[in-house]
Amino acid sequence: MSTALVILAAGKGTRMNSDLPKVLHQIAHAPMLEHAMRAGGALDPERTVVVAGHEAEMVRAATAEIAPEATVVLQEEQLGTGHAVLQARAALEGFRGDVVVLYGDTPFVSAETLERMIEARSRADLVILGFEAADPARYGRLIMQGESLEKIVEFKDASDAERAITFCNSGLMACNAEVMFGLLDQVGNDNASGEYYLTDLVELARAEGLSVTAVSCPEAETLGINSRADLAAAEAVFQAHARAELLDIGVTLTAPETVHLAFDTIIGRDTVIEPNVVFGPGVTVESGALIRAFSHLEGCHVSRGAKVGPYARLRPGAELAEDTHVGNFVEIKNAEIAAGAKVNHLTYIGDASVGEATNIGAGTITCNYDGVMKHRTEIGARAFIGSNTCLVAPVTVGDEAMTATGAVITKDVADGDLAIARVQQTNKPGRARKLMDMLRAKKAAKAKG
């Protein structure tokens, strides 16, 4: 049976106190909407529909980046969850499979949970996702009779016995498309808020003799985000889970609580991560690497045995081959560092390639930007770049070539050549004492007025 996703992303998120739509606030460097879409993507959906409302164009633009094949529809008035799903009807015209309804502000539901919901749909007409709440608070209660879901009772309407139930409603559901929209046509808004509730489908389905069941998942998967405090708590949940997974696969985190990971961070076994390291999106670290304290990595690839930091920054496009060294206060951007090369101190390497076993001296700068365009620097294998060298791109330094300390290299250096490009030193005997005496006299005269 084919599957479609309907992701509700229309809420304004008033408590976020933000100009940004709630679903576009980020957890682990990805919008909450992307987390929901990634989980749903594991079902290989035939269609994906995002229901937008507040700042719909921002949601539309973000959706196009995350999943260009998805359709965005508009809920012009916020008239409840049932009304929101109805806005997806035209986008699902002709679809006869199962529809899974997700929430863009509930980012942690797992692919495994969604797969279990689809499996349960083969046995029931309507499937609701529930969870055992540690503190049921004011959640709606799922009233079960064996495997059958009898009804959903909102907290305010629940009896004392029903409030004692800890199996609660997450809001997520799965249902055949024709059945779902047929039931939604019957949902009314005769309630205090004048809204159309998706949860009314349970009662309507049972009234038509349809079977309804519930699938359970861990409470953490149903965490909804409504405020900045919720967002911070969700970030902490994600980070704790991601760190635990790394520890389980054989990565050493010397101070786990200080390491910040992105949603897509990949780190191989036997890699050591020291304290206060930040991983932005798009980072892969192979096995046996060392990432030292206070380093920041994003959009880069670190190969086996490489050493990074402390206080290093790897920006998008940085590619470190095996056994490379990138040391303290070094920044690498859009550059390939070949096997065994060393860039150990106080250096910027941008839009460049560094050959195998080459040594880059402290203070080296690739001058890659002319104010309008970026240019590349090519450094060959087994070269030696002297400290405080400025490489003015575009420029090439050949294999086994050298640059003298303090050189400003504006011309290509051939294989094996030594390039010296600095002003010749001149010493003036006794001039320093005379100069200092003159300066002190000026200072004294100024002090006297």
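Don't overthink the numbers, they just go from 1 along the chain as shown.
Every residue, even glycine, has its Cβ placed from backbone N, Cα and C.
Per Swiss-Prot, region 'Pyrophosphorylase' is recorded for 1-228, and the stated evidence type is sequence analysis.
ASN226 (Mg(2+) binding site) is surrounded by 14 other CB atoms, counting those within 10 A of its CB over all protein chains shown. Summarising the annotation, Swiss-Prot assigns UDP-N-acetyl-alpha-D-glucosamine binding site to 8-11, LYS22, GLN75, 80-81, 103-105, GLY140, GLU154, ASN169, ASN226, ARG315, LYS333, TYR348, ASN359.
Feature annotation from Swiss-Prot assigns Mg(2+) binding site to ASP105, ASN226.
The predicted model assigns the region 'Linker' (229-249) a mean pLDDT of 98. Swiss-Prot lists 229-249 with the feature region 'Linker', giving sequence analysis as the kind of evidence.
The region 'N-acetyltransferase' feature in Swiss-Prot is assigned to 250-449.
The number of other CB atoms found within 10 A of the CB of HIS345 (active site, proton acceptor), across every protein chain shown, is 15. For HIS345, the entry in Swiss-Prot reads active site, proton acceptor.
Taken from Swiss-Prot, the feature acetyl-CoA binding site applies to ALA362, ASN368, TYR369, SER387, THR405, ARG422. In three-state terms derived from DSSP, SER387 (acetyl-CoA binding site) belongs to neither a helical nor a strand segment and is classed as coil.
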ASN359, ASN368, SER387, THR405: which of these binding-site residues has the sparsest Cβ neighbourhood within 10 Å?
THR405
For LEU8 (UDP-N-acetyl-alpha-D-glucosamine binding site), which residues of its chain lie six or more apart in sequence with Cβ-Cβ distance below 8 Å?
VAL51, THR81, ALA84, VAL85, VAL101, LEU102, TYR103, GLY104
Say you check the Cα of ASN359 (UDP-N-acetyl-alpha-D-glucosamine binding site) against those of the binding-site residues ASP105, ASN368, SER387; which is nearest?
SER387
Could you give the Cα-Cα distance between GLY80 (UDP-N-acetyl-alpha-D-glucosamine binding site) and ARG422 (acetyl-CoA binding site), in whole Å?
72
Could you tell me which of these binding-site residues, ASP105, GLU154, has the fewest other Cβ atoms within 10 Å of its Cβ?
GLU154
